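**Student:** This is the structure, below, for whatever I ask next.
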Amino acid sequence: MRQLLPGDTVWRNIRLATMDPQRQAPYGLVDNQALIVREGHICDIVPETQLPVSGDNIHDMQGRLVTPGLIDCHTHLVFAGNRAAEWEQRLNGASYQHISAQGGGINATVSATRACAEEPLYLLARERMMRLASEGVTLLEIKSGYGLELATEEKLLRVAAKLAAENAIDISPTLLAAHATPAEYRDDPDGYITLVCETMIPQLWQKGLFDAVDLFCESVGFNVAQSERVLQTAKALGIPVKGHVEQLSLLGGAQLLSRYQGLSADHIEYLDEAGVAAMRDGGTVGVLLPGAFYFLRERQRPPVELLRRYQVPVAVASDFNPGTSPFCSLHLAMNMACVQFGLTPEEVWAGVTRHAARALGRQATHGQIRAGYRADFVVWDAEQPVEIVYEPGRNPLYQRVYRGQIS
């Protein structure tokens, strides 16, 4: 009989989808095992016969499915306002250029976010965070990028820090100051990049407000030379980097990111084979964002077969934002990734667990159920992991465990 220590907690009578690639079964499934949790981490996975059937801190899950906590590795969670009226205009035939000329597009969100005080901005973001937590998310990336000036970018990152301090969900904050050119720099995007590189990145990094730097390398964002200035600045300070690349066109952003050992290349609908090979060589995760693909009614799909062939890890995320993916649901993104991009349910599960953890630099502690990893996991009223992907309108979450505590 396995000896338990005071304070140990056990989950028994479970079907365990570990997502551990070292296990041979699909999803890393094991049966007739129990989880021992100690001090917020997974202490061990042992045969049920080695443990008492009942006792203090022993939870009988009656055969329910247990998976790692979900990880949403790409969100724009902190913003004010919405773009519903603009979406209706687009559906009625208005062009993006026409909407932008009227003050719409990303700068509409920037204006609303700049004008919003920190407390109401926090309350808006907190409600969104809790929606994701209710789906089983235990680690969440939050980007800035709707300030495009030092004060508001800092405000967005302070909101992310306040959310993290609630200890309800892990937050990975990202500085996305190079998201778009603000209206006041419309005729001087290089000048804006200078502001980002010489002021925003070093000052906000010194304050400890973010974990990584992101950018938007695209024809409607920043060109390759401007993007490389951002990457050079970040790398000189030892800051991990990532990027929105190859979403609307092929500029070579994925190859650029990979030269800087980017954590992830996100969107990647127009990614080519040279970019895929560079991502493999640079250890860069491909993050698929099917919500934006759907909402923008795009036609160019990411090169999933190439990513498989080159064995590039693929993550899936919600990309929750007001302009191109207003879906605060990782479950929906999981389903869309299967239906629209052709991922298998097992690939999607890897994409919201171990590969998503890698996209955030957390692969040594998150995204799998194995000894030594954080005790972040979800108990589902389900028998198979595919059930959560198959029916996105139904949430079979039974219990969410964060840092070893039922939450």
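A Cβ is built for glycine as well, from the same backbone N, Cα and C atoms used for every other residue.
Just so it is clear, the model here is predicted, and its values are computed rather than measured.
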**Student:** Using only what Swiss-Prot says about 4-imidazolone-5-propanoate binding by Arg83, Tyr146, His179, Gln247, identify which of Thr9, Thr18, Thr324, Thr344 is listed for that site too.
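**Tutor:** Between Thr9, Thr18, Thr324, Thr344, Swiss-Prot records just one in the 4-imidazolone-5-propanoate site with Arg83, Tyr146, His179, Gln247, namely Thr324.
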**Student:** If you measure C-alpha to C-alpha, which of His76, His179, His244, Gln247 (binding-site residues) come within 10 angstroms of Asn321 (N-formimidoyl-L-glutamate binding site)?
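**Tutor:** Neighbours among binding-site residues, in sequence order: His76.
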**Student:** Could you say whether, by DSSP, Arg83 (4-imidazolone-5-propanoate binding site) belongs to a helix, a strand or a coil region?
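**Tutor:** The three-state answer is coil.
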**Student:** Using the CB centroid of His74, His76, His244, Asp319 as the Fe(3+) site centre, which other residues of the same chain sit with their CB within 8 A?
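**Tutor:** Those within range, site residues removed, are Thr75, Lys143, Asp266, His267, Leu289, Ala292, Ala317, Phe320, Asn321, Ser325.
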**Student:** At the Cα level, what's the spacing in Å between Arg83 (4-imidazolone-5-propanoate binding site) and His76 (Fe(3+) binding site), rounded?
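**Tutor:** That comes out at 14 Å between the alpha carbons.
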**Student:** For Tyr146 (4-imidazolone-5-propanoate binding site), find which of the binding-site residues His76, Asp319, Gly323 come within 10 Å, Cα to Cα.
**Tutor:** His76
